[in-house]
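> Before I ask anything, here is the structure I am working with.
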Amino acid sequence: METSSSATSLSQLTSGEVHVIVGPMFAGKTTALLRRIQCETDKGRSVAVIKSNKDTRYGLDSIVTHDGAKLPCWALPDLLSFSEKLGTEAYEKLDVIGIDEAQFFGDLYDFCCKAADHDGKTVIVAGLDGDYLRKRFGSVLDIIPLADTVTKLTARCELCGKRAFFTLRKTDDTQTELIGGADVYMPVCRRHYVSGQVVIEATRSVLEKQKVLCDSYVEATSC
Ligand SMILES: [Zn+2]
């Protein structure tokens, strides 16, 4: 009896999975996530999708891809409170948890460990691997060692149509988390990332010089 119960708990313990989908903006990460979630639903598995409540571009109760596909979801500030919010019983029945915009969750690593290692869930994570400076974004890279599979998607370079690996910010804002769409960001290839950064840096320094001139002019005239 005890053998069979420990065998059951062992099978629950080892049945979890972590799949990671990364890439620049406009690479179809959310679409790929929704496709995998749909696939799991078709297999009869119980699914839930979580996204960050920081991204309010499309409303909070649904997840929408750039091409308009829609799925109901939970918009939360963190992941570890999810089971409590959903209710323990409902959480236990869940087979698959999708996480979109994963770069915004500080507790991503701990959540994936708990959900996959201990709770036997299949966790499918989509997020940006790098920010507009091509530096790590949030904890997405930290969960690569936990993953069964890692998929890096690419977009199309907005300037030449070649494969795009990076996200270029078109404005001179410098905070890491600046939420926006095609008005603020564009996908670019390596060559256009490098030349684009040069143009943006040059623009920023010209604007800063003008601001200094302007400020000193205001000061001079107000004296
Ligand atoms: Zn290009």
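The backbone N, Cα and C atoms fix where each Cβ goes, and this holds for glycine too.
Residues or ranges marked as active site, proton acceptor by TrEMBL: E101. Sequence annotations record features per position, and here TrEMBL assigns substrate binding site to Y185.
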> How many Å lie between the Cα of Y185 (substrate binding site) and the Cα of the residue listed as 'active site, proton acceptor'?
15
> Tell me the Cβ neighbour count for the residue listed as 'active site, proton acceptor', meaning other Cβ atoms within 10 Å of its Cβ, over all protein chains shown.
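Its Cβ has 24 other Cβ atoms within 10 Å.
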> DSSP secondary structure for E101 (active site, proton acceptor), reduced to helix/strand/coil, please.
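Assignment for E101 (active site, proton acceptor) reads coil.
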